[in-house]
Structure formats: C-alpha cells, structure tokens
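Let me begin by presenting the structure, written as structure tokens, before commenting on it.
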Amino acid sequence: MALRTPLVVGNWKMNGLKASAAELGRMIEGYGPELRWKVQMAVCPPATLIQTFCVVALGSRIWIGAQDCNAQQSGAFTGDISAEMIADCGGGLVIVGHSERRTIYAETDAEARAKAEAARRAGLVAVLCIGETEAERLDGRAIAVIDSQLSGSVPDGATGSNLVLAYEPVWAIGSGRTPTTAEIAEVHGHIRKWLDRRFGKEGERIRILYGGSVKPANAVEILAIDNVDGALVGGASLKAADFLAIAATYA
Ligand SMILES: O=C(CO)COP(=O)(O)O
C-alpha cells in the first residue's frame, strides 16, 4: 500500500441546492473500481446538503465533508455548526482555515488550529488550508508566510489519519492562474520537510494537496509534481464530468 493514498476533495463553496444530489449521483456512478483503488474522492457541499449527500453517498466510498466548523462542541454560536454535528450527519472530513474564511471573516491561524483540533475530537479528518497572497509572493515572502501558517495552525499530535494539508495560493483561487510546476514543487517540498521535522515518520503519512484553479486541462501536470498528494478543487468540482476527469489522472 502506498504511504499516502491520493485524495481529491471538491469544495463546493456556497453552491448547490437539493437538486445537486443528481450531480453527486453522477460522480458516484463514475467512481468505479478502477478509480476507487487508486484515489480517494471527497465532496464538501454547503452545510444544508451534508446530510442528504451522506445518504446519497452511502456505500459509494465517496467521502462527504463540510467546509468549516466551530471549534466548540455546542453552545451559543448562532449560525455555526460543530465538528460533532458534521460527524453526526455522517461526514468524514472538514475543511478548516480556507483563505476565503481567513480573508472574509478574518480567521486566524489559531482559530484554524482550534478547528483542526475540534475535527480530531469528533473523529473527522481536517483539511487545513494555507497559502500566500499575490503580494506576499511578489515580495519573495511565500515560503516565510507558509512557515508562519504551518507553525500557527498545525495542531500537535497530527497524523496521516486526522490531518491533510492543502496548499492554496490565494491568487490562484478562482482566477484561472496557477503557479509554475517549479513553484508548486518548491512549496510542497518545503511543507513535506517541515512535517518530517515536526512529526518524524508520522509526518510522512500526512497528505499535501494543491488547490487553486485545478481543472481537467492542468490536472495531469499538477498532480505529477513531487509531494503533491492530490487536489482541493473548487469550481471544477461542481460538475461530475470535470471532477471525475481530475481524479482519473490517477487511474
Ligand atoms: O478554493 C479552492 C478550493 O478550496 C479552489 O477554488 P478553484 O478551484 O475554483 O480555483
């Protein structure tokens, strides 16, 4: 068995209504045995659809997850959901620290870390997002920013079974632009070394996904890069044909 099974996660963001279960159905149909053995697929719909999607995906081996959670188990946090609630619906993972949460809702590394810890408490896998802005990259600070996000948001005791990292350069999200393969290789190699230093052998089991404008047209090139263990896909995960084509890179 490979040290790290490739993982392709779809982040639907604030898109999807009940009727979108049909699209999930098409994904399940296309996730046949030849793909299942090679790559793990997951879909994170908006919170309103988690329960429905978990029922639709039952027995399909596609994981269903959430896009965020509150770090607390329950309480007076109007509008929020907890990791325990996601697990209760049948969810298996939760995205934390996404750049849209960091930018729009001013979430900090410490909050992302607390959410990753909440995910572990509830038995979920946390998909923890990090990545530099365009200004930071142009300033030559991309690696420094990644380092500070890693130290601030990766929880103690992380393992390959409770944490996945996602490198998402903020400027590549929804823009149709991606870093060069050398730039992605540099950041992923850097994160891999950081995980080795922090967690030793266990660090080798933690997957590092790339996210930001991944499409069927660039997936082959991106997913072949050293230390890229899969993708976190936004727009292209909304259509079964595109999402399956990305995952099929591993077939
Ligand atoms: O933010 C992303 C996934 O979390 C990436 O979004 P896009 O694939 O639409 O660029």
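Positions of Cβ are set from backbone N, Cα and C atoms, glycine also.
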Legend entry - Residue among SER153, SER213 sharing the substrate site, where TrEMBL lists ASN11, TRP12, LYS13, GLY174, GLY234, GLY235 as binders: SER213
Legend entry - Site of maximum Cβ density within 10 Å, from binding-site residues ASN11, SER213: ASN11
Inset, instruction - For the substrate site as recorded (ASN11, TRP12, LYS13, GLY174, SER213, GLY234, GLY235), determine the largest distance between any two Cα atoms, in Å, rounded to the nearest integer. - result: 14
Legend entry - Of ASN11, LYS13, GLY234, binding-site residues neighbouring ligand 1, Cβ under 6 A: ASN11, GLY234
Legend entry - recorded positions clustered about HIS98 (active site, electrophile) [Cα within 10 Å; pool: TRP12, GLU168, GLY174]: GLU168
Legend entry - Other CB atoms, at most 10 A from the CB of GLY234 (substrate binding site): 20
Inset, instruction - Tell me the Cβ contacts of GLY235 (substrate binding site) under 8 Å, same chain only and six or more apart in sequence, or just say none. - result: GLY174
